[in-house]
Structure formats: C-alpha cells, structure tokens
Amino acid sequence: MTKLIVICGATATGKSGLALNLAMRLGSVILSADSRQVYREFDIGTAKPTLAEQKAVPHYLIDICTPRETMTVADYQEQAQALINSLPVSPLLLVGGTGLYIRSIVQGMKIPRVAPNYELRSQLESLGQTTLYGILQQVDPVAAQKIHPHDPVRTLRAVEVFYVTGIPISAQQGENPPDYPILQIGLDCEMERLSERIHKRTEQMIADGLVGEVEYLCQKYGADLPLLNTLGYQEIKQYLAGEISLEAAKELIVLHTRQFAKRQRTWFRAYPQIEWFNADDADLLDIVWQRIQQ
C-alpha cells in the first residue's frame, strides 16, 4: 500500500485544494513542502492554509519557525521524515512546490548539515555570480556541472559548504531512497491559464490583507528581514516605501510569480516518476482518486 502521496507542481495550480479534498476522503493528514510556510506570521503572502482548512485536516510543517530562524533543507528533511515514520496514518500527503524539500524525502538526499554562515555569504555575494561560479568550477567541478551558471542560490550554497568544511558539497551528497511506496502526482496547465490563475490569486491576496501583513511584519521585524525580500513581500514593501504604486506592485508580483512558476515547472518536469494531471480538469479530484485506488 502507498505510504506517501506527493502532490507537487508550480504555484497556483491548485495543489492545496486538491490535497485538502483527498485528505478528507482518505481520513489522512497533510505535510507541507513549502519553504516559506514553515515561518510563523507569514500567512497571506505564502498562501498558507487558513485556520478553517487546518481545522478540517491536520497540517504539519507549517508555522514551526520564527521569521528570524533558519530552516535548512536538512532540518526540513529530518522533521518530515520523523513525521512520516511516526504518524499512524497511511497514506500521508506531502504537498507543496519547494522542489528540494520534496526531493529530500522521495529520493532520500544526503544533505551536508552545515548551518548558513551569513558573514561568509555576504562576502561571497559581493564577488558577483560570475566570479562565484568560477570559484565553484575550481573547488567543486562536479557540482558546477550540475548547477546552472545563473543559479545564485545553489552556487552560493555549494561554495559556502566548501569553505566551511573544506570538502566539496558533491562529495558530501548522495541518495538513500526510502523503502516505502510513494505515488507522485504533478499538477500543471497551459501557461496562459496559469498566468490567469496567478493574477486572480494575487488580487485575492491583496483583498485578504497582504499590504497590512507586510506593514505589520516590517514594523515588528524590520524591513531588512530576509523573508521580506521574497516573492509577494518585496513588491509590497516597495509600495509601502513609496517607491511604486499599489497597481505596479501587483503587476510585479504577477510577473515575478510567473517567472517563479516557470522555474518550478522546469524543475519538476525533470523527474520521470511524477505522474501529471491537468489542473483545469473539472473532474480532477475523481481522476486522481481513481489513480490512488489502483
């Protein structure tokens, strides 16, 4: 019997809604695989499940960190795997769009437990991406072959791990896939439709109070909080600073979300184990339900 059902895909494809309905049918629970929903108080801009939704179906790995704490992929993997091993429910639903979180579970990634060194990161970032990638090619050519030259996040992390440990990150990584059955379900739709979904969701976030949420978080934690420089928050922060209009902020959120969604689609499409379903299918719930019953 399948122990874990993964529901993944780009942002705004309806993963959470599908998961909620499936969990209620299965009498199951949801494990979030979203790198921002782990943080408390970051609610509207992360499309975090509402309190009513969390009451209807138990959700885990949501609101487990303060905004000033750091949740690494290794931290997430450890906590998620502990829940998978201990929760007396089967199948569990692992739901989200953070590819590394999902990959850490379904492929059993071996991840170096190296805490972020922010002073070192600041020094490395000041070198610029081109120079930093050149350093990576020198100290860890194996990792450089797997990391795109224009991927600053993974480039920085790989160089950071080398400088902290003296060992290339590629030599510290590997995979130990779990021995339990996993069904991976991906949701996707035409890019034009996805753009419409993103626009609609952005408008809903504004209506739900995103501006007030960002204003509150800036006052409580300071506008330089790293999380406030992420998608949906950085644009509203610009609006609150008087740099752009609210309409311009919304347009930027839509643009940046579309760009993010394209990267997510590329990431997930690289994994042949994922079975894809049309997010716009009127009978999506029943179609996926039939697949689960097979």
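Backbone N, Cα and C define each Cβ position, glycine as well.
Per Swiss-Prot, these features apply:
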{"type": "BINDING", "residues": "GLY9, ALA10, THR11, ALA12, THR13, GLY14, LYS15, SER16", "note": "ATP binding site"}
{"type": "BINDING", "residues": "THR11, ALA12, THR13, GLY14, LYS15, SER16", "note": "substrate binding site"}
{"type": "REGION", "residues": "34-37", "note": "region 'Interaction with substrate tRNA'"}
{"type": "SITE", "residues": "THR98", "note": "site 'Interaction with substrate tRNA'"}
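Distribution of Swiss-Prot features across the structure.
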| residue | record | contacts (Cβ under 8 Å, 6+ apart) |
| --- | --- | --- |
| GLY9 | ATP binding site | LYS15, GLY97, GLY186, LEU187, ASP188, GLN264, ARG265, PHE268, ALA279 |
| ALA10 | ATP binding site | GLY97, LEU187, ASP188, LEU194, PHE260, ALA261, LYS262, GLN264, ARG265, PHE268 |
| THR11 | ATP binding site | ALA47, GLY97, ILE198, THR257, PHE260, ALA261, GLN264 |
| ALA12 | ATP binding site | LEU194, ARG197, ILE198, ARG201, THR257, ALA261 |
| THR13 | ATP binding site | LEU187, ASP188, CYS189, LEU194, ARG197, ALA279 |
| GLY14 | ATP binding site | LEU187, ARG197, ALA279, LEU284 |
| SER16 | ATP binding site | ALA47, PRO49, GLU53, VAL95 |
| THR98 | site 'Interaction with substrate tRNA' | ALA33, ASP34, SER35 |
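The DSSP secondary structure for SER16 (ATP binding site) is helix. The Cβ neighbour count for LYS15 (ATP binding site), using a 10 Å radius and every protein chain shown, is 25.
Neighbours of the substrate site: apart from THR11, ALA12, THR13, GLY14, LYS15, SER16, residues of the same chain with C-beta atoms within 8 angstroms of the site's C-beta centroid are GLY9, ALA10, GLY17, ALA47, GLY97, LEU187, ARG197, ALA279. Looking only at the region 'Interaction with substrate tRNA' (34-37), the predicted model's pLDDT averages out at 97.
Note: the ATP site is recorded as GLY9, ALA10, THR11, ALA12, THR13, GLY14, LYS15, SER16; in the same chain, GLY97, LEU187, ARG197, ALA279 also have Cβ atoms within 8 Å of that site's Cβ centroid. In this structure, THR98 (site 'Interaction with substrate tRNA') belongs to neither helix nor strand by DSSP; it is coil.
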